[in-house]
Amino acid sequence: MRNQTPSLADSRSSPSTRETDKSNSEGFVVVPLRHPGRWLSAALMLYVILSISDLLITNPRWLWNTVWEYLFSGPVLTGVGDTLLLTVLAEIVGISLGILLAIMRLSENPLLSWSSASYTWIFRGIPPLVMILFIYFFSALVPVLSIGIPFGPSIKIVATNKVITQLIAAVLGLGLAQAAYVSEIVRSGILSVSTGQTRAALALGMTPLRAMRHIVFPQAMRVVVPPLSNEVISMVKATSLVSVIAYTELLTTVQQIYSRTFEQIPLLMVAVIWYGVVTTILTIAQTHIERRLNKSVKTMKRGK
């Protein structure tokens, strides 16, 4: 009697092989699936890349020698430093105020919550460029800064023009606008943490502020860091807006140079290269921070 048990090779055959054999046994021709869209999109992208490369390499009007001449020049490096300084100061204002606004928005006090929501609504609707110009010309509205009782007597302190310099106008214009977006990012991060953990911390005797600082914020950072890092990178590029008030950051510096040499394209390429370098460094730092946060979360889960 012949053994009817299937062989080991047959039992290990893949489902696709068995299905192909079945199709062939039934007389059907198996045609491999083709993807013409992939080849078409790849060919189109290759054409775009080659066209851009041709424009960059063969066009003599780029004046690459001029680009390398000014890339590490003193004024340009000073402009890069001023751009970084402006970014740091604006982010300090934006992040600090944004965290405060997020806490106010989640407060049970209706006045605090309403005030935070109103701030976010107003400043998200005003373009940063308009805000920079408004603060820069604020002295036309309030010539002298003073302290006093609303609708009552006040004490004059100092002329507004002495306080609202180009740097202050730039920092406040960018920072106040940034705070509206940071507040929403931080608020979403706080809401991502289970409220049960906050209640447990309060049951252990922690104050709400201490629970927020030691329990909620560390866990919310994993949600907050990626979008907040993108906001920092965007701020580097947004600093170019302050060229309208002639603050000498990177773009203003190259504009001052090409206004004398009339070499607009190569000087703008100098700015493009430096913006690219700074944003690349920040992107690498963002990736490193996200990995550290992910490792800490995995460690906490294993500890449980």
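Yeah, the Cβs are placed from backbone N, Cα and C, and that goes for glycine too.
What TrEMBL records for this protein:
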COMPBIAS  1-17  compositional bias 'Polar residues'
DOMAIN    80-286  domain 'ABC transmembrane type-1'
REGION    1-23  region 'Disordered'
TRANSMEM  44-64  transmembrane segment
TRANSMEM  84-104  transmembrane segment
TRANSMEM  125-151  transmembrane segment
TRANSMEM  163-182  transmembrane segment
TRANSMEM  264-285  transmembrane segment
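Outside the transmembrane segment (84-104), and at least 6 residues removed from its termini, the chain residues within Cβ reach (under 8 Å) are 112-113, 115-116, 119-120, 167, 170-172, 174-187, 190, 212, 228, 231-232, 235-236, 239, 242, 247, 249, 278. When each of the listed stretches 44-64, 125-151, 163-182 is scored by C-beta pairs under 8 angstroms to the transmembrane segment (264-285), 44-64 comes out highest.
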